[in-house]
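Engineer: Sending over a structure as structure tokens; questions will come in a sec.
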Amino acid sequence: MQAALALARRGLGNTWPNPAVGCVIVRDGAVVGRGWTQPGGRPHAETEALRRAGDLARGATAYVTLEPCSHHGRTPPCCNALIGAGVARVIAAMRDPDPRVDGRGFAMLRAAGIVVEEGLLEAEAQAINAGFSRRIRAGRPVVTLKLATTLDGRIATHAGESQWITGPEARREAHAMRARHDAILVGSGTAVADDPDLTCRLPGAAPTRSLRVIADARLRTPPGARVFATARQHPTLLVTVPGHKPAALAPYLEAGAEVATVARGPEGLSLTALLGALAQRGVTRVLAEGGAGIAAALLREGLVDRLAWFHAPGVMGGDGLPAAYRLPVEVLAAMPRFRRVAARPLGPDWLTEFEPREA
Ligand code: AOF
Ligand code: ZN
């Protein structure tokens, strides 16, 4: 199952709207087939592993990180494939929350005489599928907030200079992080100040399917910005509020970007509504890369599921721009708090990862 989980992780950022699943088929103590969900979500992990195992799947045990599907999609259910291949035992880490499956897969396998065990390394599988489960159950994706700051939490100088605070090792990790998410979100402040292209550039890495999302209520990002100039090569979504004149939106559409409108929020657009719109498009995992406005709004609304904080060993002082502004914390009890789940050095910098601390 550990091996199946590692295979599943390969698909993160690439399989949406489907979950990233891994499957290992074992017979007589030897691995005879391995598979993981392919880009775009099909083929599923089990059919990939079965194809490789061929006749050796007969009497074998399949380790799957998610309950095999029981519904007819573009292809018949994975349960049919497992039954047809003569697999004797299926060990699944967790149940599939998709209402089309949700226990029906296990029932189908058992009805066919296959021995089924559920719950092996379930916590790991739940973590991998957190975005998928959240989209199914709550209609929104999980959000990782990525910040790169000085030791005193500054993201840019007073003059707006921000490139580069962290070193090349941290930036490489940030690119890998983009690849593991379905969508990369920035606000117009960052889009204007940094003119990022929000792609994943890693030598040797396969092209990614990440959707680039610019939250821009007032259409402050010029249509000539790098994200829009490359919109024909990389999917790009401009999210704004209703009421703009068609002529104001036309240049973005002409550049090849999509435009979506969502409800207004306290400042600009509602991030909750934006996340809902992304989930409707199938997005399960969002990487928010700033800036200070988006970071503050996500923290304020309790929308951060994971915080990835790069610290560079420099100090900017009070004139530097803070990582988040207008977080009205007046009493300590109101401060969003996190618990550290990982920390490691990256060249001269540190990456610390956090999850919300339960109240
Ligand atoms: C599996 N193995 O590798 C994945 C599964 O749109 P479809 O027909 O591809 O079905 C998508 C659903 O299949 C998805 O919502 C989830 O329930 C399941 N994903 N199932 O057996 C896989 N990715
Ligand atoms: Zn399937």
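Keep in mind that glycine also has a Cβ here, set from the backbone N, Cα and C atoms.
Worth saying up front: this structure is predicted, and the values here are computed from it rather than measured.
Sharing the feature lines straight out of TrEMBL:
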type	residues	note
DOMAIN	1-116	domain 'CMP/dCMP-type deaminase'
BINDING	His44, Cys69, Cys78	Zn(2+) binding site
ACT_SITE	Glu46	active site, proton donor
BINDING	Ala148, Trp164, Thr190, Asp194, Gly291, Ala292, Gly293, Ile294, Ala295, Ala296, Ala297	NADP(+) binding site
BINDING	Ser162, Arg178, Leu198, Arg201, Glu289	substrate binding site
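What does the local environment look like for each feature on the list?
Structural biologist: Here the Cβ of Cys78 (Zn(2+) binding site) has 31 other Cβ atoms within 10 Å, regardless of which shown protein chain they belong to.
Around Glu46 (active site, proton donor), the same-chain residues six or more apart in sequence whose CB sits under 8 Å from its CB are Val21, Cys23, Gly35, Ala62, Val64, Pro68, Cys78, Ala81, Leu82, listed in sequence order.
Residues near Ala148 (NADP(+) binding site) in space but far in sequence (CB under 8 A, at least 6 apart, same chain), listed by position: Ile155, Ile165, Thr166, Ala170, Ala174, Trp309, Phe310, Ala312.
Cβ environment of Arg201 (substrate binding site): His175 lie under 8 Å away, each six or more residues apart in the same chain.
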Engineer: Write out how many residues of the domain 'CMP/dCMP-type deaminase' (1-116) are helix, how many strand and how many coil, based on DSSP.
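Structural biologist: Across the domain 'CMP/dCMP-type deaminase' (1-116), the residues distribute as 40 helix, 23 strand, 53 coil.
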Engineer: Mind looking up the mean pLDDT for the domain 'CMP/dCMP-type deaminase' (1-116) in the predicted model?
Structural biologist: 97
Engineer: Binding-site residues His44, Cys69, Arg178, Leu198, Glu289: which have a Cα within 10 Å of Thr190 (NADP(+) binding site)?
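Structural biologist: Taking His44, Cys69, Arg178, Leu198, Glu289 one by one, the ones whose Cα falls within 10 Å of Thr190 (NADP(+) binding site) are Glu289.
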Engineer: Identify, in sequence order, the residues in the chain of His44 (Zn(2+) binding site) that are 6 or more apart from it along the sequence and have a CB within less than 8 Å of its CB; answer 'none' if there are none.
Structural biologist: Asn18, Val21, Gly35, Thr37, Pro68, Cys69, Thr75, Cys78
Engineer: Count the other Cβ atoms sitting within 10 Å of the Cβ of Glu289 (substrate binding site), across every protein chain shown.
Structural biologist: 25
